[in-house]
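Okay, structure first, notes after.
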Amino acid sequence: MTPQTPHLSHPKYRPDIDGLRAIAVLSVVAFHAFPAWMKGGFIGVDVFFVISGFLISIIIYENLDKGTFSFAEFYARRIRRIFPALLLVLLASFTFGWFSLLADEYKQLGKHIAAGAGFVSNFVFWSEVGYFDNSVETKPLLHLWSLGIEEQFYIAWPFFLWLAWRPKFNLFALTVLVALVSFYLNLKGIKKDAVATFYSPQTRFWELLAGSILAWFALYKKDAFANYKLKIDGWPAKLIYREVVDIDRKILSNVASFVGCLLLAYGFWQITKDVSFPGKWAAIPVLGAMLIILAGPKAWINRKILSTKIAVWFGLISFPLYLWHWPILFFARIIVSEVPSRNIRMAAVVLSIVLAWLTYKFVERPVRLGKGGKAKVSIFFVLMALLGVLGYHTYIKDGYDTRNSIKGFVNNKNELLRTPASDEACLSYVDLKTPLFSYCRFTNVNSDETIAVIGDSHAHVAYPGISEFLASRGKNTVLLANSGCPPFLESPTGNNQNELDACANQVEQLLKVVESKKDIKKIFVFTRGPIYLTGTEPLSGDKKLGVSSFSLMQFVNSAQRSIDRLKSKDKTIFYVSENPELNFLPDSCLTRPFKVLAKSCAVSKESVYARQEEYRKSFSNLKNVTYIDSLPVFCPSDKCLIFDEKGSLLYADDDHLSVAGSRFQVNNLLKPYFD
């Protein structure tokens, strides 16, 4: 370890930055392992972004100054720094997944390994789901999204600086301009598409560019900054002493470091996944990290806390620790069949730390500091490419569903799969060239009668059993539904105004389609009622963004207005109440290798009735509609059903029915209403 050097004046090793890395990685690990305690720990990633932007820009600026900058050398250093540990974690995940994951899970893992190897994980997860959704628990490589953004920055930023350097453009002005544009896109995008803004490099680069701005000051304005700092630090001395005395002036540095730490502390405990992040909230950890770096190694906190041996040690293993912790927590859940207990999560964290240290000592350091640099770069580049190809092959081969390791362990795995969202027959039926609704399906048996299934995603999962049964009776079935958007007037849901407007428009168009179709006489409505009223998930207890933005009375009244409108067109309406929601994921009920603890797979009737009490009471009193109560069928005893009489799972996830569940609902509840 090199000696501590003055801050911004020398871009050499700073132990306090490793200490800041330690804070960043431990906050992320704490958030994933103990989210109730460290609610805002995910902002540690934003701290990493600032650090990366600072250190990488220092390297680029220095080499451009000396005329020695080489793209080949720059990317060779990145490969030696990143590829060894990443390869190890990807290969370990692939290997353990081979023996423990079901085919659809392993197929998804293959895609994510390919994305991780190609550093495009952020784009893949962007296309799949949001970072804070429940399905993140099924993705052991979700955390690689941030690595994708960093690598995309490492590709774009050196070229940008190199192109701007040659004609001697003002690099500081250009950096600030690009950062401001990125920050503006972040603020604007969070209102339109929160998921895209979270994963997009364009809306995240400003965080790394904040570090680049610090790097520019470090190299080109260090003297001006030092003089300004001396003047600021001298004011308190002039107030205290009547003449110039020799004092150690670090007031401004200490204040900057202290304020930076306060900002991070505020973010760790006050910024939660319920806020629209990144948006304006990301400025808090970014500014906090900037102030701590700006303060320099002589600031008291930086010197006495961040530069301690334990902080530096965690900083040195921060990258492999970040890589290891999430897959280990994921596979711990596979082993125990549910959310691991606190003790198991603590053990997973300890194991992550041990593996991180071993990776750093026996993999990272030998590759980075040993001989044969060019050969190592070539070897690791080829290995990463091969692993990416292997991941993609796993994906296109449907997760190698004939693996001996899972034969005999998989029960009705296909029941966990959702059916297609749309088909051409439906688009033709509703006369749309492009999809307007999230779900649009049409089963046409050339009947004069069509039964409509409308609602949100719960209508979608009810459709397979209904359409199958009605087809056997010679009746058509049409599905018109929108995800997270109940078909009720004046009660739109969404994370932002654009989503609210889109939901309102979809509801209006859905009602118009149903009203206009003369062959539709009966309409079955399905919604996940409790979530819109409570705003919380029974599985996690977390608030779900975009819901519970209206009162019970408003929701019920909007449902009544929609029903009355359809009734005025001579439609017969049936409202099917929500099935029980689970407080666990049903895939934990499947028998699989490495499962060491059995999952009870039961939810109490009492808890379900308590959650749905106001909802059932209000909707059962709606007029002009037949209310169909699901709970007596799904909860015939003190425990609600999870499997049907054949042993098939009734659920695809914690609230959506499986195909078997849809058939069960039809056979045991809905049949009498179709005649």
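Heads up, the Cβ atoms here are built off N, Cα and C, so glycines get one too.
Some features that TrEMBL has for this protein:
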DOMAIN    16-360  domain 'Acyltransferase 3'
TRANSMEM  20-37  transmembrane segment
TRANSMEM  43-61  transmembrane segment
TRANSMEM  82-101  transmembrane segment
TRANSMEM  144-165  transmembrane segment
TRANSMEM  171-187  transmembrane segment
TRANSMEM  251-269  transmembrane segment
TRANSMEM  281-301  transmembrane segment
TRANSMEM  310-332  transmembrane segment
TRANSMEM  344-363  transmembrane segment
TRANSMEM  375-395  transmembrane segment
DOMAIN    438-664  domain 'SGNH'
For the transmembrane segment (251-269): best-contacting stretch of 43-61, 82-101, 171-187, by Cβ pairs under 8 Å: 43-61
Stretch-averaged pLDDT - the domain 'Acyltransferase 3' (16-360): 89
Best-contacting stretch, by C-beta pairs under 8 Å, relative to the transmembrane segment (375-395) and drawn from 20-37, 43-61, 82-101, 171-187, 344-363: 82-101
Other parts of the chain folded back onto the transmembrane segment (281-301), taken as Cβ under 8 Å at six or more residues beyond its ends: 4-8, 14-17, 20, 24, 43-44, 46-47, 49-51, 54, 183, 186, 206-207, 210-211, 214, 217, 250, 253-254, 256-264, 266-267, 271, 275, 307
The transmembrane segment (20-37) in contact with the transmembrane segment (344-363), cutoff 8 A, at least 3 CB pairs, sep 6+: yes
For the transmembrane segment (82-101): best-contacting stretch of 43-61, 144-165, 171-187, 310-332, by Cβ pairs under 8 Å: 310-332
Other parts of the chain folded back onto the transmembrane segment (144-165), taken as Cβ under 8 Å at six or more residues beyond its ends: 45, 48-49, 52-53, 56-57, 60-61, 64, 69, 71, 74-75, 78, 82, 86, 112, 115-116, 119-123, 125, 131, 171, 174, 178, 199, 201, 204-205, 208, 212
Contact set, same chain, for the transmembrane segment (344-363): CB under 8 Å, 6 or more residues outside the stretch: 29, 33-34, 84-85, 88, 316-317, 320-321, 323-325, 328-329, 332, 336
